[in-house]
Amino acid sequence: MNNSTNSSNNVALTSPYKTFEVVFIVLVAGSLSLVTIIGNILVMVSIKVNRHLQTVNNYFLFSLACADLIIGVFSMNLYTLYTVIGYWPLGPVVCDLWLALDYVVSNASVMNLLIISFDRYFCVTKPLTYPVKRTTKMAGMMIAAAWVLSFILWAPAILFWQFIVGVRTVEDGECYIQFFSNAAVTFGTAIAAFYLPVIIMTVLYWHISRASKSRIKKDKKEPVANQDPVSPSLVQGRIVKPNNNNMPGSDDGLEHNKIQNGKTPRDAVTENCVQGEEKESSNDSTSVSAVASNMRDDEITQDENTVSTSVGHSKDENSKQTCIKIVTKTPKGDQCTPTNTTVELVGSSGQNGDEKQNIVARKIVKMTKQPAKKKPPPSREKKVTRTILAILLAFIITWAPYNVMVLINTFCAPCIPNTVWTIGYWLCYINSTINPACYALCNATFKKTFKHLLMCHYKNIGATR
């Protein structure tokens, strides 16, 4: 009991803050730590459970959230303890481990921001070649490299500097990096760890913004009529004429014809066909389907991803139908253009069947000749660019005060009060609190997924857009 009392008296004597100030600091710092932990766990869980968030860019954000989570759990709370007590009570080993963890994680955050900036830069400047290389495996390798490099740069120097120079110069009750007592080293590390990355990221974002604006202006200047239509020579038709008996398992006559300007050559190749409804769905294709029967009217429905044409209605259940299907395959990437179009026609042997096939075929070929409507720039690309801008601004605003003080301290150590140092250091930590808010504000999918998780609405959360 006496030891405990003496320890409490020592804390009271050495603490620079009064009791109510200590309570206030602990409440504020504890709240920030809790918000940081919850926010970054939400980011990580959202990416894990929502398949629409499982993109290469968001994997980089997942790595950044891991770093921010570590800061919220360890760095914030240990620094709060150090601040309110007024001295370091946990000994030199824990001090060095905390500093190593703190600086490795902080540097990993900067490295992740650099990776995100370079990734977006290459996506914009090399849209044809870079997306091919931009795989999940490559993203994992880049993330691993960022963490390993950060560890190599900071951990050995912090943990073993005292053994390299042969003496520990950090006094008991204090906790700081020993080689930071050298003004030149402090200046150099500030340049390498903050100023150089900020310059690189700013230049990259300027190029990203410039390229995006240039593309938007170019798209606005191009009239819709000048866009390349889908070439009718790429449209291939397949007409299927089932036998009159049309029993399950029976062989149907199959004719393959090319449709050019609404006409089909007489030469045909006969194959077997299994009757039934066919459906195709792919991230890299757009489907257009048409169904024709006893035609009474024409219906055309279009949306962003599919075009569906229904011609006529069936008078009875036994009447046969004519099906036309167009599958437009497009390459992977942020911007896709049609590369091949296939038309399949399934016809009936009923009366006027050939007439109906020709009418529907002409409609489809006419539709494929029409130029596609001009689409605005992809919203996903805008989301990514806005998110990058938000996290870069948050990083610069929160880290700049401390790193400016580091440079000032190099030339004038007494110029900066201890309280200002503490606030500047805490601002660096607050960046980890702000990042999840940046994701939610700039990306509606993140925001909706956060809301579902917080309100325990787990139904269909994996498909939230």
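Just so it is clear, glycine is given a Cβ too, placed from its N, Cα and C backbone atoms.
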**Complete:** The candidate from Asn6, Asn340 that Swiss-Prot records as N-linked glycosylation site is Asn6
**In Swiss-Prot, Thr14 and Ser209 sharing a membrane side** = no
**Message:** Of the cysteines Cys95, Cys273, which is paired with Cys175 in the disulfide recorded by Swiss-Prot?
**Reply:** Cys95
**Message:** Using a 10 Å cut-off on Cβ-Cβ distances across all protein chains shown, tell me which of the disulfide-bonded residues (Cys175, Cys415) has the largest neighbour count.
**Reply:** Cys175
**Item:** Selection from 59-79, 97-118, 139-161, 387-409, 418-441, the stretch that has most Cβ pairs under 8 A to the transmembrane segment (22-44)
**Value:** 59-79
**Asked** At the level of the C-alpha atoms, what whole-angstrom distance separates Cys412 (disulfide bond) and Cys95 (disulfide bond)?
**Response** 26
**Message:** Measuring Cα to Cα, how many Å separate Cys415 (disulfide bond) from Cys175 (disulfide bond)?
**Reply:** 21
**Among Cys95, Cys412 [disulfide-bonded residues], residue with fewest other Cβ within 10 Å** = Cys412
**Complete:** Counting Cβ pairs closer than 8 Å to the transmembrane segment (139-161), the top stretch among 59-79, 97-118, 184-208, 387-409 is 97-118
**Item:** Same-chain residue ranges lying at least 6 outside the transmembrane segment (97-118) that approach it to Cβ under 8 Å
**Value:** 57, 60-61, 63-64, 67-68, 70-71, 74-75, 78, 90, 142-143, 146-147, 149-151, 153-155, 158-159, 175-177, 193-194, 197, 200-201, 204-205, 208, 388, 391-392, 395, 428, 431-432
